[in-house]
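Engineer: Straight from TrEMBL, here's the annotation block:
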SIGNAL    1-26  signal peptide
DOMAIN    35-321  domain 'Plant heme peroxidase family profile'
DISULFID  47-123  disulfide bond
SITE      74  site 'Transition state stabilizer'
BINDING   79, 82, 84, 86, 88, 97  Ca(2+) 1 binding site
DISULFID  80-85  disulfide bond
DISULFID  129-317  disulfide bond
BINDING   154  substrate binding site
BINDING   184  heme b binding site
DISULFID  191-223  disulfide bond
BINDING   241  Ca(2+) 2 binding site
């Protein structure tokens, strides 16, 4: 079903290049990522130090707030998994992706705006917002890996079959799905996304039987039943083991195997033979997870990428050039 392949990163914009060339396990039968130019802005002499400028800004932000790693990961995921990696999620407006209910709570916009302003002063009209988002995410996650320290899916409670069908519709497979869900090793979610698991799973009036009973009690203390309009919707950690440290680790997979996943879609990984096998592998080896994550990010970051004359290089990532200054 799967084979070992030698992974040569093709695209600086999307690959978390943590250790150069890496041997990783990947599924067969998928279309390869769009072949783009490695270190494009340097190779073409259009903005030689673009990646350096981006990395510098990410490092500055990360020192003050390590939560930018999960924020950027979710932002990139929400962009790529809708219409492809075109930075459309950054656009402001009443009917934009940015304001969609599924994207409530998205963060990381500030750092993208800051990086864009820096690059526009040094290389005006050259570096695309999509590339900025990809590169900034790469650098933020890279910092998390060094320290050992996601529009989300249509519903955080879908079955593993529905989840896999969704990923396959984007050209991704079970290994990509299981790997990318590992991004839930850090970050937060709203109580409204799990309240049915805690109190009324599938209209039974009971909690999800797949949840550890201790976890149910802990989460109920933080997430009361939603009984009235306008009720507050607290945020809780997707991985209580990491908490506020925002550490990128494989503890997510340990929690899935012990029935301690916060989101239903995560717990579902044990109900498919392939995703269960991968979960067990990543639980046993952070290094396997780390390498697989680089490949999965490369695949996801290559979804419907705009090249050549397609799209535009926005002067401000929040608006199209036609509306710039309006």
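Positions of Cβ are set from backbone N, Cα and C atoms, glycine also.
Just so you know, TrEMBL annotations are computer predictions that nobody has curated.
Locate each feature and note its surroundings.
Structural biologist: Around the Cβ of residue 84 (Ca(2+) 1 binding site), the same chain contributes 303, 304, 305, 306, each under 8 angstroms and 6 or more positions distant in sequence.
The Cβ of residue 129 (disulfide bond) lies under 8 Å from the Cβ of 87, 90, 112, 116, 313, 314, 317, each on the same chain and at least six residues away in sequence.
The Cβ neighbour count for residue 184 (heme b binding site), using a 10 Å radius over every protein chain in view, is 26.
Take the CB of residue 191 (disulfide bond) and look out to 10 A: across all protein chains shown you find 20 other CB atoms.
For residue 241 (Ca(2+) 2 binding site), other Cβ atoms within 10 Å of its Cβ number 15.
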Engineer: If I take the alpha carbons of residue 74 (site 'Transition state stabilizer') and residue 184 (heme b binding site), what is the distance between them in whole Å?
Structural biologist: 9
Engineer: So for residue 85 (disulfide bond), how many other CB atoms are inside 10 Å of its CB?
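Structural biologist: If we count other Cβ atoms within 10 Å of residue 85 (disulfide bond), we arrive at 26.
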Engineer: Return only the integer: C-alpha distance in Å from residue 184 (heme b binding site) to residue 241 (Ca(2+) 2 binding site).
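Structural biologist: Each residue's Cα considered, residue 184 (heme b binding site) and residue 241 (Ca(2+) 2 binding site) end up 11 Å apart.
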Engineer: So if I draw a 10 Å sphere around the Cβ of residue 123 (disulfide bond), how many other Cβ atoms end up inside it?
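Structural biologist: The answer is 17.
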